[in-house]
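Heads up: the structure comes next, in structure tokens.
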Amino acid sequence: MSITLLFLFLFSYFPKPSFSAHCTTVTATKTFQKCMTLPTQQASIAWTFHRHNDTLDLVFFGTFISPSGWVGWGINPTSPEMTGTRALIAFPDPNSGQIVLLTYVLDPTVKLQRNPLLSRPLDIHLLSSSATLYGGKMATVHNGATVQIYASVKLSSNKTKINHVWNRGLYVQGYSPTIHPTSSNDLSSIATIDVLSGSSAAQHSNIGTLKNVHAVINAVSWGILLPIGAVTARYLRHIQSLGPTWFYAHAGVQLSAFFLGTVGFAIGIRLGELSPGVQYGLHRKLGFAAFCLGALQTLALLFRPKTTNKFRKYWKSYHHFVGYACVVLGVVNVFQGMEVMGEGRSYGKLGYCLCLSSLIGVCIALEVNSWVVFCRKAKEEKLRREGLIGGGGSDKGSGIMHSRDHHNYS
């Protein structure tokens, strides 16, 4: 029941791409031939391509997210990613408060944030550029203010496709824009368009669906089934009436979780290939670590020593340590994935937390019951040693397996 609720929550509330309502070809100073609504940040672009001289006149429409923030647009001459972009970034002048537009080159050092981003000339044929706030000269920068970045660029002969990048940030230090937010939308603000035909280059329209499938599969496998498998082994193996059933249940749940998680892991790898400009360092590393530990646990089943083998105790220690580490990493990475997708306060996260809380509650109840049974058995053993009770049949109905039967499957 709880897993069904989790599916409903996650499918209903994981993020969907946001789009601005319309694009326009008309501005206060120019009229353009074509326009396009961009897939993130409620942004759009309009342009006119002069084929006779390969000149592109365009305007980018973006919005500020802070009174001291910045809005940028640029072209990457080599690939659809942030690194290498030749950018035009607009922000309020720290001295006069008027909107200014400066040129920047986003080289790899920008990504590492080791040095402040400094304005420098571009090595593309930028013929002219300017920026204006919507509302005229009396307009001021505020949260939600719209800015128009104009540019005229001469493209290479017979080249009509451009890789363009856009983004926005919260504040500027002097004349150095600081890093932008790192939500899924902010990291996906990259596109390739054909300025002649007015169409987007081949885009992976199913990327949003893949993200949701990746999220749901991994939340269920690594975040729910894997902990259930661990709970099965810890608390059911002591019930005498179950016999070896607990072992098969434990192995079945864990193998199902791993194989389902492998599908989610493969989808995550594919998402990385479809989004070359988007990187989630911590989420990716945790995912690889959890998958490797899960693979080691699966392989460990093939090398499980017999109960009489002297290495059995070492195998058990390894199995417990790696298993619990895998469970912890899986759960932590589910939460990390929600943060990456910008769903830190979503109903999807609430649904997952409810399922996880229910599982934790069951564990606490079973742990308390185990201690009660243990204390009762210890008391009975003490009375038996003192001769106050008989030794025959004391284990009847206790539900505890004899150690010989237990070790055959543990």
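Our numbering is plain: 1 for the first residue shown, then up by one each step along the chain.
Any Cβ shown, glycine's included, is placed from N, Cα and C.
Note: TrEMBL annotation is automatic and uncurated.
Annotation source TrEMBL lists heme b binding site at HIS214, HIS250, HIS283, HIS319.
Among the features that TrEMBL reports, domain 'DOMON' is placed at 41-169.
Here TrEMBL flags 176-375 as domain 'Cytochrome b561'.
As annotated by TrEMBL, signal peptide applies to 1-20.
Per TrEMBL, transmembrane segment is recorded for 213-233 (among others).
The transmembrane segment annotation in TrEMBL covers 245-267 (among others).
Residues or ranges marked as transmembrane segment in TrEMBL: 287-305 (among others).
Same-chain residues lying 6+ beyond the ends of the transmembrane segment (317-338) with a Cβ under 8 Å from its Cβ atoms: 215, 218-219, 221-223, 226-227, 230, 261, 282-283, 286-287, 289-290, 293-294, 296-297, 300, 344, 346, 348-349, 352, 356. According to TrEMBL, the feature transmembrane segment maps to 317-338 (among others).
Residues or ranges marked as transmembrane segment by TrEMBL: 350-375 (among others).
Between the transmembrane segment (350-375) and the transmembrane segment (213-233) there are 3 or more Cβ pairs closer than 8 Å, counting only residues 6 or more apart in sequence, so the two stretches are in contact. Under 8 Å from some Cβ of the transmembrane segment (213-233) lie the Cβ atoms of residues 2-3, 6-7, 10-11, 14, 246-247, 249-250, 253-254, 256-258, 260-261, 263-265, 267-268, 271, 287, 290, 294, 323-324, 326-327, 330-331, 333-334, 337-338, 341, 348, 352, 355-356, 359, 362-363, 366, all in the same chain and six or more residues away from its ends.
When Cβ-Cβ distances below 8 Å are used as the criterion, the transmembrane segment (245-267) is approached by residues 210, 213-214, 217-218, 220-222, 225-226, 228-230, 232-233, 236-237, 239, 287, 290-291, 294-295, 297-298, 301, 330, 409-410 of the same chain, each at least six residues removed from its ends. Put simply, the two farthest-apart Cα atoms among HIS214, HIS250, HIS283, HIS319, the recorded binders of heme b, are 27 Å from each other.
With all protein chains in the displayed structure included, the most crowded Cβ environment within 10 Å among the binding-site residues HIS214, HIS283, HIS319 is that of HIS214.
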